[in-house]
């Protein structure tokens, strides 16, 4: 049965069970395309927000009867129709002859047979409102279209064992169906999105039959580049006005408008006339051209320009205070007019000073400073390759350390403790009013001494850590080397920022007039940046120290050839590799080091076939996200140890128990109990929870038993995963700070981690190759999804309270729940079908 323009309201929420089924929420208005589609009794083909799919007919209710099509000259009866759609906030497009101007919107006659007209999104710039939409509808759109149109993070709703958004499509930009192509007449007088200036009218006789918008032609309309035609004062701010293009006599300029407003290429004739030697300056970095070269502007302007001297005198509108580069005289002399891109020899873009973007650096997002394009050589860490190149082994910096494990650990802990005490000494001078003139005048010498010591102690620590990294590079397995390299990179990035800011402070001679601030300001200066980055150094150093000390037996081996090491710690204190810290720092007693080291669990002996487990470290803030890495095909004991270590890292119940509310504390305790449930692998004690039908004779009895056994395991841990996701979405919806939702995300990671481990274990035990491949692929997909979630969570914490970053984290976690459900279903299907 076919019907046109049939509308239905959703009576219940609908969770799709297949790809063809349409997801909707209670109260949604659907367009019914076909009832009992394809011979399926009770299933209707409907459309919602541009998506088509089948829906169960008993979950929707028809609003009106079918609307019969009428010829173009007939006039439909709009009365009841308008009343019904007015209640649903939809727009019924009437015939052009029967439109009521009081209650409906005027739509061109070409839409008279299109039925329900749903307003598309704007085609122009975001500032332009192409269609006038009532305020109530605009609020509805903003509240239901997700984070792109509202500032609130949209979290999906749990229905059964899955999650459904209020609107199913992610990042859905087109809320309404876009109407079909327009008729032959122009409808809207709106310029395209690239034209940001005023609309230029075109004579009526030049309108093309197929044109929809009144757009000026590309040739012969503008006397100057289009971007220079912006009359509004707001659009002219911080833009550059270039002189008009040069044309040959009788030939129009056909060069299209480019990305930058630069004069078009000159012709040979005009180029020869303009071959005048003068220093050319970078746009955006010079004084006004006419002020410096008025003689050229007034007396040497060619006739082809067709402009007066007054026009030329204000050719450039340049912001002040920016340095510039001048092209050498030889360059302009040797350059031929044919080889130039334009009238003026414009040098390459001079990178802006990095201090403007350094203002946003704080203690968490401290690495953004190293990628701001600074022109200073010692801060050129703007790419991953340059960062990694700084860690490349060189004979002078990263030479191997020939130390025995006890001596290396003793030296490492001494350097770490010295560094922590230096940072604590600096932090003790930072108070609420420490930047006021009176405080700075009394303590500026102490602050300067503390800053110098922090930089010195961090440099000494880095020297030792790079040597340990060089030792790790010689191991047969590079897993430990890669882990140490990531941890060392964070410390080295901090050292680069501290070195640069300390250098800048010394450049200004620690002037009180510069450093003393009597009133609060939004920008961060060099001293603020130094303090904020220095706060993060002890945690990063502690994480690296723990990794090195845990694997000291692997990294360090005594070298009998080095006689200066035979005498133990006393000789290493006098060796050239050790730099004595300040005498005021008192390190721990060597016995304390050994006691502290032996109190930590050491890993079993490593072999070539067993890579070191890199998940064990005490960690610093966010360290569990930075260090998260799943090692495939690991044993049950290693997996459980890794789970326990990840759970203990930044345990919020131990760190901030007094700051948590009662319901938060109980929620964390409940989740921790679920997470600690082990993954069973003893199938002899297992009893099937239900008898599963078997129709697949190709699967062996043993493989089927394994699939059913681990399916029950998946069912248990999948419920724990859903509970962890519910808790995460709840704290995101209530706008909890990063320390709360990061802690919740760890429970999500650990729960899904168990599903990956189940897949790896099953891969090793099943005999059928096709089943092994399917399980491995599903497990690998889950593992990659976990890494994506870790990165998304880290970005959400770094950019908090960015709605976009939080929404991306929510989307990734939602995808994880779907992939986990598919993984669980695949085990059941392989066992029963």
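Any Cβ shown, glycine's included, is placed from N, Cα and C.
Straight from Swiss-Prot, the features:
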type     : residues : note
COMPBIAS : 304-314  : compositional bias 'Polar residues'
COMPBIAS : 564-586  : compositional bias 'Polar residues'
DOMAIN   : 3-65     : domain 'SH3'
MOD_RES  : 91       : phosphotyrosine
MOD_RES  : 163      : phosphotyrosine
MOD_RES  : 165      : phosphotyrosine
MOD_RES  : 176      : phosphotyrosine
MOD_RES  : 188      : phosphotyrosine
MOD_RES  : 213      : phosphotyrosine
MOD_RES  : 222      : phosphotyrosine
MOD_RES  : 295      : phosphoserine
MOD_RES  : 316      : phosphotyrosine
MOD_RES  : 368      : phosphoserine
MOD_RES  : 779      : phosphoserine
MOD_RES  : 803      : phosphothreonine
REGION   : 237-258  : region 'Disordered'
REGION   : 297-316  : region 'Disordered'
REGION   : 326-403  : region 'Disordered'
REGION   : 350-833  : region 'Interacts with CTTN'
REGION   : 560-623  : region 'Disordered'
REGION   : 709-833  : region 'Required for interaction with PLK1'
REGION   : 709-759  : region 'Divergent helix-loop-helix motif'
Sorry to bug you, but what's the C-alpha spacing from residue 803 (phosphothreonine) to residue 165 (phosphotyrosine), rounded to the closest Å?
16
Inter-residue Cα distance where the pair is residue 163 (phosphotyrosine) and residue 779 (phosphoserine), in Å
21
Reduced to three DSSP states, the domain 'SH3' (3-65) has 6 helix, 33 strand, 24 coil
If you draw a 10 Å sphere on the Cβ of residue 165 (phosphotyrosine), how many other Cβ atoms land inside?
19
Between residue 163 (phosphotyrosine) and the residue listed as 'phosphothreonine', what C-alpha distance do you get in Å?
20
Quick one: give me the count of other CB atoms within 10 A of the CB of residue 779 (phosphoserine).
22
Across the region 'Divergent helix-loop-helix motif' (709-759), DSSP labelling yields 47 helix, 0 strand, 4 coil
At a 10 Å cut-off from the C-beta of the residue listed as 'phosphothreonine', count the other C-beta atoms across all protein chains.
18
Within 10 Å of the Cβ of residue 163 (phosphotyrosine), how many other Cβ atoms are there?
23
DSSP secondary structure for residue 163 (phosphotyrosine), reduced to helix/strand/coil, please.
strand
